[in-house]
Amino acid sequence: MFWKIVRSEWLKFRKSNIWLLLFVSPALAFLLGILQGYEDSPVQWITLYTTMISIHALLFMPLLTGIFSAFVCRYEHQGGGWKQLLALPVSRAQVFLGKGFLVILFLAITQLLFFISFYSIGLIKGFSSSFPTEIVWRGILGGWLACFPLAALQLWISSAWASFAAPLALNVILTLPNILVANSAKYGPWYPWAQPFLIMIPKEGDIGSLYVSTETLLYVILGSFIIFLFCGFTYFQKKAV
């Protein structure tokens, strides 16, 4: 039944125009990257990668996480959709986790498209430096995983608020401080909206990222994901429809 819910949510996604948002961040990051010059850089791939994630991971990944989370709850908030859905022979756990799975899948597709955009620029410009496979893929995967706590939090909020616009507005308001918060070694790692950028940005020696240590990965990102998922799951189990 879980996979039937996932397929049902996927059909809603395909029939809407929201799928176009999968291409927005990779496309804009591509434009930002292709317009820069890298001839004088000894590490062309890393310079390009850092340039592109400055808009992709810092701004669009948190925004898209909120949009996708609000979208998967949108239909159920309209016309008593929650009552109709939960009247079916499905558990609330399957519904909540199915919607969460779709959000995570959308973010994975976005990351894959970002990589394609990034690699395409290197081919177009004919980079001569060696491709940093481990650095890039660690950043791509890490950035995706760093969205998990935010996805759990946004899904919790979106399932609670009937308004489609309210969770989006809140997400935008909390994403905008990223530019300042991400530069703070003290507060940045604890701020869910900044974590994708902090994970994806490479640093000299490539051990982790700019401010995020292994301890932060384990205790902050994983810990906050578990907390947000548990709170959202518990709320949804008791949600009045």
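Positions of Cβ are set from backbone N, Cα and C atoms, glycine also.
Noted in TrEMBL for the protein shown:
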type	residues	note
TRANSMEM	53-75	transmembrane segment
TRANSMEM	96-123	transmembrane segment
TRANSMEM	135-157	transmembrane segment
TRANSMEM	164-182	transmembrane segment
TRANSMEM	217-236	transmembrane segment
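With respect to Cβ pairs under 8 Å, the transmembrane segment (53-75) is most closely packed against 164-182, considering the stretches 96-123, 135-157, 164-182, 217-236. Through the fold, the transmembrane segment (217-236) approaches residues 92-93, 95-97, 100, 145-146, 148-149, 152-153, 155-156, 159-160, 189-190, 192, 195, 199, 208 of its own chain, all at least 6 residues removed from its boundaries and within a Cβ separation under 8 Å.
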